[in-house]
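Visitor: Here it is: the structure, laid out below.
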Amino acid sequence: MATRITNQKLSKSSRAWMREHLDDPFVKKAQKEGYRARAAYKLLEIQEKYRLIKPGMTVVDLGAAPGSWSQIAGKLVGSKGLVIASDILAMDTLPDVTFLQGDFREEEVFEKLLNILNGRTVDIVISDMAPNTSGNRAVDQPRQIYLCELALDFAQKVLGPDGQFVVKVFQGSGFDEFRKQVVDSFDVLKTVKPAASRARSKEVFLIGQGRKKALQ
């Protein structure tokens, strides 16, 4: 039997987070507009500024669950495009989105994604991946940077010459080094902190445009 969680059972910090979440205008907007998560508005702002995703494109969405970015990508690419989504967590099906559940850190998942693509060139890789946090920044930060590096490595393997890359990364230890990897890999780099990113959050999104070479 499921146990209902009441305010009395939550810690003080959890209650504060819950209040903030429920009062969040982007949470309310997502519920009203039918998006699965407030994160939708981060990608929507990026898309509005840079028009990265276009009809007919092939998109790979890493760290996709619960699926708000895939919702947007699917609508933008239309019936002639392809969206492949992957996450370690389960995700409810979406029209015209192919979903692969698995841990992207495992080579098997990496290879399965390549098999699904079957040699098809990808136009854009988008990654909202983040590890489960421990609360210890010295542990969490390297884990997140590692996921970013895996996403970049994958992008290098599947993107065409004009390919694009959008990745969430936390500022902190390893950020400058990873940013340089993206600079070395794309003709243009943009750094964006969308309005939907909470002010206290260290997250930013790096946007690479025009793949120029593989990582050395």
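Glycine is treated like the rest: Cβ placed from N, Cα and C.
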Visitor: Based on Swiss-Prot, name the residue from Asp24, Asp128, Asp140 that is recorded for the same S-adenosyl-L-methionine site as Gly67, Trp69, Asp87, Asp103.
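Guide: Looking through Asp24, Asp128, Asp140, the residue Swiss-Prot assigns to the S-adenosyl-L-methionine site is Asp128.
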Visitor: Please classify the secondary structure at Asp103 (S-adenosyl-L-methionine binding site) using three-state DSSP.
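Guide: Asp103 (S-adenosyl-L-methionine binding site) sits in coil per DSSP, no helix or strand.
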Visitor: Does Trp69 (S-adenosyl-L-methionine binding site) have same-chain partners at least 6 apart in sequence with Cβ under 8 Å from its own Cβ, and which are they?
Guide: Ala39, Ala40, Leu43, Asp61, Ile126, Asp128
Visitor: Measuring Cα to Cα, tell me the gap between Asp103 (S-adenosyl-L-methionine binding site) and Lys168 (active site, proton acceptor) in whole angstrom.
Guide: 17
